[in-house]
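**Student:** I have a structure here, written as structure tokens, and I will follow up with some questions on it.
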Amino acid sequence: MSELKDCPLQFHDFKSVDHMKVCPRYTAVLARSEDDGIGIEELDTLQLELETLLSSASRRLRVLEAETQILTDWQDKKGDRRILKLARDHELGAPPKHGKPKKQKLEGKTGHGPGPGPGRPKSKNVQPKIQEYEFTDDPIDVPRIPKNDAPNRFWASVEPYCADITSEEVRTLEELLKPPEDEAEHYKIPPLGKHYSQRWAQEDLLEEQKDGARAAAVADKKKGLIGPLTELDTKDVDALLKKSEAQHEQPEDGCPFGALTQRLLQALVEENIISPMEDSPIPDMSGKESGADGASTSPRNQNKPFSVPHTKSLESRIKEELIAQGLLESEDRPAEDSEDEVLAELRKRQAELKALSAHNRTKKHDLLRLAKEEVSRQELRQRVRMADNEVMDAFRKIMAARQKKRTPTKKEKDQAWKTLKERESILKLLDG
């Protein structure tokens, strides 16, 4: 019983925090359902209330740690009555007595740790123990509000968009208005090649011809006879044959010209301009002239078809020229072009690209014009700031003169009026 009476523990009464009064927002959030959630405007209040609860819990934790330390020290120095007396005095609030300590004998058992010597003063060991118990009157720590750096970050991100326009930015806009060098490449339509089935068939045919010519050459070498055709390239022979067939190919009516060329000639040449053969006199031919002309107009020559070279190229050139002059519509194209889905899609995308490029160019011109106007306005605003400084200087001079109880001079008044008029004129230019 005596040991329990001498126990230095203070047995603090921990008062719980009233959540309804101290933390109303925290209590309301706990009472909600999970679907309601927490609003953004409630975060600051919740943070302050949670910090209040944290400070209360940390204060109770410090008190419990102090009680544990007191119990440990009391167990280690159970025989020291001086320490127990000072602890009881501290509980009652009595100030410790400073003076020469009395000598005491050790009363502890052998099992405990050694205490201080019998004739040794204990004032040095007493003072730290008294400081350990001074925690009841500590004020509640006010939670420190964290620094809110969000506005600074926001204005730092917005600043480049609100800054003044520089000459380098105007120069960049002027360079963007220059047309790119490869702009014409995007509107070119590549020529339509052969269909893959025709190309593959022709390649297979040429490959077979080469194999046949190679086999024939090997056979002729074995026989010792090399034909004249094996020395020629089969590919060149095919090209020459196709060219000759194309040149000598005649339509059914025997006219080498195309339909467009015939229509053009019919539109330009009048009818019945040549007299009939019956009305024209037939001159008498004699001698060599008659022989030569007769040879030229022999029945054999009349049966020979009339041939004109390059009729196909003439037809295509006439068609292109008529389309360029506006006499022929460009829709009169072969049906294969209108049925080509790739070509139609390519032209559609080229039209979209052309419209988008024109729109971007217009917007760039507008942006360049606005940038130049803003640069001139920036110069006017700079002049306004300089005029404001001059007006403030004149105002300070006049106020200093009034404080000294003297009338401002005529020079100071004239200077003030002059700066005010200059400022008004600059503001009119800026508003205009």
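Glycine too: its Cβ is placed from the backbone N, Cα and C atoms.
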**Student:** Among 40-69, 130-159, 160-189, find the range that Swiss-Prot records as coiled coil.
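**Tutor:** The listed stretch tagged coiled coil in Swiss-Prot is 40-69.
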**Student:** Are there residues at least 6 beyond the ends of the coiled coil (367-407) whose Cβ is under 8 Å from a Cβ of it, and what are they?
**Tutor:** 164-165, 167, 169-170, 173-174, 177, 413, 415-416, 419-420, 422-423, 426-427, 429-430
**Student:** Counting Cβ neighbours within 10 Å across all chains shown, tell me which of the recorded positions LYS21, LYS418 comes out on top.
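**Tutor:** It comes out as LYS418.
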**Student:** Looking only at C-alpha atoms, tell me how far LYS418 (N6-acetyllysine) is from LYS21 (SUMO2 cross-link), rounded to the nearest Å.
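**Tutor:** Per the Cα atoms, LYS418 (N6-acetyllysine) and LYS21 (SUMO2 cross-link) stand 65 Å apart.
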**Student:** According to DSSP, which of helix, strand or coil covers LYS21 (SUMO2 cross-link)?
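**Tutor:** Looking at the DSSP assignment, LYS21 (SUMO2 cross-link) belongs to a helix.
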**Student:** For the coiled coil (367-407), would you mind checking the mean pLDDT of the predicted model?
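**Tutor:** Taking every residue of the coiled coil (367-407) together, the mean pLDDT is 90.
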